[in-house]
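Quick notes on the structure that follows.
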Amino acid sequence: MAITVYLSCLLVLSMAGLAQGIKSSLRSQDPGPQPLELKQAFTLFQIQYNRSYSNPEEYARRLDIFAHNLAQAQQLEEEDLGTAEFGVTPFSDLTEEEFGRLYGHRRMDGEAPKVGREVGSEEWGESVPPTCDWRKLDGVISSVKKQESCSCCWAMAAAGNIEALWAIKYRQSVELSVQELLDCGRCGDGCRGGFVWDAFITVLNNSGLASEKDYPFQGQVKPHRCLAKKRTKVAWIQDFIMLPDNEQKIAWYLATQGPITVTINMKLLKLYKKGVIEATPTSCDPFLVDHSVLLVGFGKSESVADRRAGAAGAQPQSRRSIPFWILKNSWGTKWGXGGYFRLYRGNNTCGITKYPLTARVDQPAKKRPVSCPP
């Protein structure tokens, strides 16, 4: 742990001033202003994230990608209206295409199935608390998972949703099998991608879900290897519902019922490190959603300097508080703030209101005994 923190500090120090120089050189098509410093930063990146390359040509290619990503990180930070910081992450040697292929949905976008329903107006409350963080209640939110090169964010988000709701309703912590959702799904496409409702349909079809311990994550799917019938179920769902695309209602449901899943545009997450992302529809298209995560809370930041102060009509040196959502990702704890990130709350940042989906958990229904009359 100490070595990792030390390397992170070295990376931050080495990035100071380097990104601006690289950004300027890319504009002028110059090979690079400070190649030695860039290579030193890249070496630190390789050590921290255990990267090695097969030949000098591949090394040179990844170094060039790293330089472009470093310049892009600075540009993203300059354009962001919140408090987000961007920089070197585990994905800094990947192109946009590689990143999207490995971590986003690969299936074509589709409509949610008719099984889910929107909650009726009679079920909505009016009062929403100022803050909510389900991580603070022991046993509700399981550890941050790492999907590796398997495009299974949809399955991990669904499993996390059921785990949290089960713990809240029955006061029983469970860690559920993502692998069962991948191996046994009839609608999802395993490690090639899927949607959260695919996972919920699988749980309904299989009459429950096994534990992670009993059916562990492999990060790959083999044909005809579904073991659902051979594994004991530890959690069940009654159905699943699609919430309205209204952030106030989503906040109320989250605070009163528990964590839900959302599917967002992950464009700005590749180089994200910490802070609140406040994007515009131009910088993060809310209609192009490609990554499912678990929404675990919301809050409001302390007063911070307004990055919008340079905009027309804004007061210089003004300060403001920023409302935000708290989201759990599936890229491991070395990404973001321990595997979590925050999005601005109130303007459908990155499409967070497009598919707010949640299961509703319940014990399996007991069949009434039937006997023939004498």
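Glycine residues also receive a Cβ, built from the backbone N, Cα and C atoms like all the rest.
When N50, N347 are compared with the annotations in Swiss-Prot, the one labelled N-linked glycosylation site turns out to be N347. C191 is paired in Swiss-Prot with C150, the candidate among C132, C150, C153, C226 named as its disulfide partner.
The disulfide entry in Swiss-Prot for C226 points, among C184, C187, to C184. In this structure, of the recorded positions C153, C184, C226, the smallest number of CB atoms within 10 A of the CB marks C226. For C153 (active site), the nearest of the recorded positions N205, C226, H291 in terms of C-alpha separation is H291. Counted over every protein chain shown, other Cβ atoms within 10 Å are most numerous around N329 among the recorded positions N205, N329, N347. Around the Cβ of C191 (disulfide bond), the same chain contributes S149, C150, S151, C152, L182, G219, Q220, V221, each under 8 angstroms and 6 or more positions distant in sequence.
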